[in-house]
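Copied over from TrEMBL:
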COMPBIAS  260-275  compositional bias 'Basic and acidic residues'
COMPBIAS  302-315  compositional bias 'Acidic residues'
DOMAIN    377-402  domain 'PI-PLC Y-box'
DOMAIN    404-533  domain 'C2'
REGION    260-328  region 'Disordered'
Amino acid sequence: MGSYTCCLCFTRRFRSSEAQPPADVRAAFETYAEGAAHMTADQLRSFMSEAQGGDGADATAERVMEQALLLRQRQPLLGKLAKPAFTVDDFYNYLFSEELNPPLGSQVHQDMTAPLSHYYIYTGHNSYLTGNQLSSDCSDVPIIKALQDGVRVIELDMWPNATKDDIDILHGRTLTSPVELIKCLRSIKEHAFSASPYPVIITLEDHLTPDLQAKVAEMVVETFGDMLYYPDTESLKEFPSPEALKERIIISTKPPKEYLEAKNVKENDDGTQEEKESDEEAWGKEVPDLQTELEYAKNDNDDVDYGDDSDDDDDDQKKPQSSPLEYKSLITIQAEKPKSDMSEALRVDPTKVKRLSLSEKELVKAAPSHGSDLGYGRSLWLMHGFYKGNGGCGYVKKPDFLLEHGSDNDVFDPNADLPIKKTLKVKVYMGDGWHADFKQTHFDSYSPPDFYTRVGIAGVPADTTMKKTKAVEDNWTPVWDEEFTFPLTVPELALLRIEVHEHDKSGKDDFAGQICLPVSELRQGFRAVPLFDRKGMKFKSVRVLMRFEFV
């Protein structure tokens, strides 16, 4: 029973309802059990193979039966039974168990032998921050968590420490407290491959003098040793694959200015130097003070580049010094920022390995006119969902149509009028677990929650849509039993969005969980879909029972 105080005058009581197997679950059990009250291992294996898209291997059905029976919490009784019976309730427990019946596979299944540039790579931003970008602490703890979540690109902003003799990691010209570079490097080494064996790329935002760059090189080499990968030549005809770079560390940053200047002089002697860009154009405009930084933050620019201190009155910056070649030689992927021509910046040069950095404002501005070159996601939830694909290893292979040119040398256009390739049918049965993960009055002080589910697609414009179920009133275990159909023109890029909210008649609806799943990797049949909080942390108990079918 659940008790809720109303108007401080009286108490309303609501009977807690136990979750019952949906009609479709009972029907499937009866079909495969051939009308019997119990299901055999062979019958369960047939169900897993036929209705669940080929889930079961020979030993899987027995393991499922064993684990599902344990969910009854009747271990003492089971110990006395030679052959415990697998009932419809056990069948339902198996289907509603995320451990036994998840919506995605857990194994890496894509070809991992293509060049690194053929993959989307799970990338972190300001990976060292524990909170906001203006006043939070910098620490190696968020870096460790990101690596444990499968992130493969870690960003570190390097600045001289207070005494100018060592390197700190912090968000420059803010009130964030620093953490030592060496501590971050050691944590990366320890945790880099805890979730995935594929290479970790460290992107360094460099605001250092040449002598400190040389110190960085020493730290990196000493910390990572043979784990460090850097090519013997600047011009790679083909970058190695994730498979070839397993358990290797790659450094990506802008080349030192002294090296670039020397290279420009040589190119000028050869008659090939282009017009020189100013520091401001090449490195980004300097933000003069914290107040201006706050104004940038208010304008939702979360990726402001503060340059390399080239305009500071630091004498060390102005003295001619020898090129830190050791530091330069460790840079495998060179960072670039777009100059005046976005099309030129997005053009692929087969002789160079580079990454293009765009602020969020630049990205949004570039997307409408350069969508066929660029493409972008809508939120952190979508990114989390996208990288659940391919076993969550942090590398997802790009579809072939993004790597090849058409017959007329044209490239993929997400706005093109394309035929429907596949139709996804999604049935939302029920949800459970909120009563275990939330306080009784979290959603409503006076009654149980009124949950509804939003289901939709994030993808190319033609596929993008959002639908929702009815709200089920006063129930911690809502049963919706509603089906939705999604025709898809580009299923390879589609994500299934699932959100649960609690309807609030007097104000804004409350958030109750979310997940995004790559459509191309959905396992067919009945599935237990776990939900996550706003920050991407998985709830302990909250899940939704759904069924996926491709037509």
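Heads up, the Cβ atoms here are built off N, Cα and C, so glycines get one too.
Automatic, uncurated: that is what TrEMBL annotation is.
Note that the structure is a prediction, hence the values are computed from the model and not measured.
For the domain 'PI-PLC Y-box' (377-402), the DSSP counts in helix, strand and coil order read 13 helix, 3 strand, 10 coil. Helix, strand and coil counts from DSSP across the domain 'C2' (404-533) read 10 helix, 59 strand, 61 coil. Taken together, the residues in the domain 'C2' (404-533) have a mean pLDDT of 94 on the 0 to 100 scale.
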